[in-house]
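Listed in TrEMBL for this protein:
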- 1-33: region 'Disordered' (REGION)
- 60-81: transmembrane segment (TRANSMEM)
- 101-123: transmembrane segment (TRANSMEM)
- 135-158: transmembrane segment (TRANSMEM)
- 170-191: transmembrane segment (TRANSMEM)
- 198-219: transmembrane segment (TRANSMEM)
- 239-255: transmembrane segment (TRANSMEM)
- 276-297: transmembrane segment (TRANSMEM)
- 330-348: transmembrane segment (TRANSMEM)
- 355-376: transmembrane segment (TRANSMEM)
- 382-403: transmembrane segment (TRANSMEM)
- 406-432: region 'Disordered' (REGION)
Amino acid sequence: MGRTKSPPKRREPSEITIEGNGVTKRTGNGRGDVSKMLDKTIIDDGETDKAHAARAAEPGVFNLLACVAAIYGAFLTWSVLQERITTTTYGPASAPQRWTHAIFLNTVQSLLASLVGYAYLFFTTAHPHKPGRPAPIFPSAAITKPLILIAITSSLASPFGYASLKHIDYITFVLAKSCKLLPVLFLHVTLFRKRIALYKFAVVVLVTLGVAVFTLHAPSAAAKAAKHNAKNAAGANKVYGLFLLSVNLLFDGLTNTVQDDIFLKFKTYSSPQMMCAMNILATILTSAYLVLSPYVAPTPIGQYIGMGTGNELAEALSFIKAHPQVGYDVVGFALCGALGQVAIYYTLGKFGSLVLTTVTVTRKMLTMLLSVVWFGHRITRMQWLGVGLVFGGIGGEAGMKVLKKKEAARKQRDRRFSEAGRHRKEAGIKKE
């Protein structure tokens, strides 16, 4: 039997579809229909759908402003309580007493922050395999090691900073702390081999320079520094003080960059989990110090590092018993610190350590500006220059981010239309 030629099929335009019941349906012709067609393709493609969901969940400017407001509000109150705890004189005028138990204070704060952090974890991060339970704080041994590292560095940073003030003047300390962005950026580039955009280097330099100029030209700070220098010029080992301050900055920078690296390597690890882990480990470390210090203080090592009597736990509890108001201030201080940490870890997880460090560094300068407005202090021209540099750097970064987002959106839109054209072509070939 000879082969018969089948009748030719009428080729329909790509915008016309023939449904299974024989009904011919015109879907239209235009870019809007191409987008609809591509939307179906995107939904069918799991990876593209996930990427689209991730972009939709990306935090925006208002989210960042809320984080900044929460950090400023919590830590401004925290700093007021800290000053009241450490500067208030208690007892009779003939035998005044002041609170000097920093490790005990940090232990109470980390303990309360652990509890607040667990509540934050419980209500925001569910266990991936056990409904109704929070995500594990230490999900694997691999993540525990870097968590222990940053718990150690964060616990050691403050003591090194306070110890440096015995050997250097206050203005040097403030200036170096204002340059906190530099070690963070340096460790990002050297330790973790990350490529940083050139404009971010410019932002870091502008913000650091602006805070430095503002601080150096503050009349009250300059007078305080001069007085401090005159009082402590003799016998001050500035080289050793700068070494201690460098260790403090290194620990601060290492803490922030390792936190970034943890979020990068462990994608499912959340900010509430890190907050809990950090504070639990810090509480263990500082509690161990309080318990063991009476036994270490009498040894040559304890005497060399200046541990004193080493009986800080008993002395702190005795002080609170004699002056109950201190106990309320300590609890308030710890609560503000815990709530501030929630805002900090949320900001860290959503925006990264460079943004977080920018917020914490500029908080000091904005606090000084608030003081100027509230109490009517005078700002010098050089200080206004510092303000301009800081906000110029921050504004420039915000502008660059807007431009980058617009460029990314344009490329994504072009890619969608390109994929739509390819799918239309493939659909036409199949119908032939």
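Even glycines carry a Cβ here, placed using N, Cα and C.
A contact links the transmembrane segment (330-348) to the transmembrane segment (101-123), because at least 3 Cβ pairs that are 6 or more residues apart lie under 8 A. Looking at which of 60-81, 101-123, 239-255, 276-297 has the most CB pairs under 8 Å to the transmembrane segment (135-158), the answer is the stretch 276-297.
Residues 329, 332-333, 336-337, 339-340, 342-344, 346-347, 350-351, 355, 359-360, 363, 366-367, 398 of the same chain lie 6 or more positions beyond the ends of the transmembrane segment (60-81) yet place their CB under 8 Å from a CB of it.
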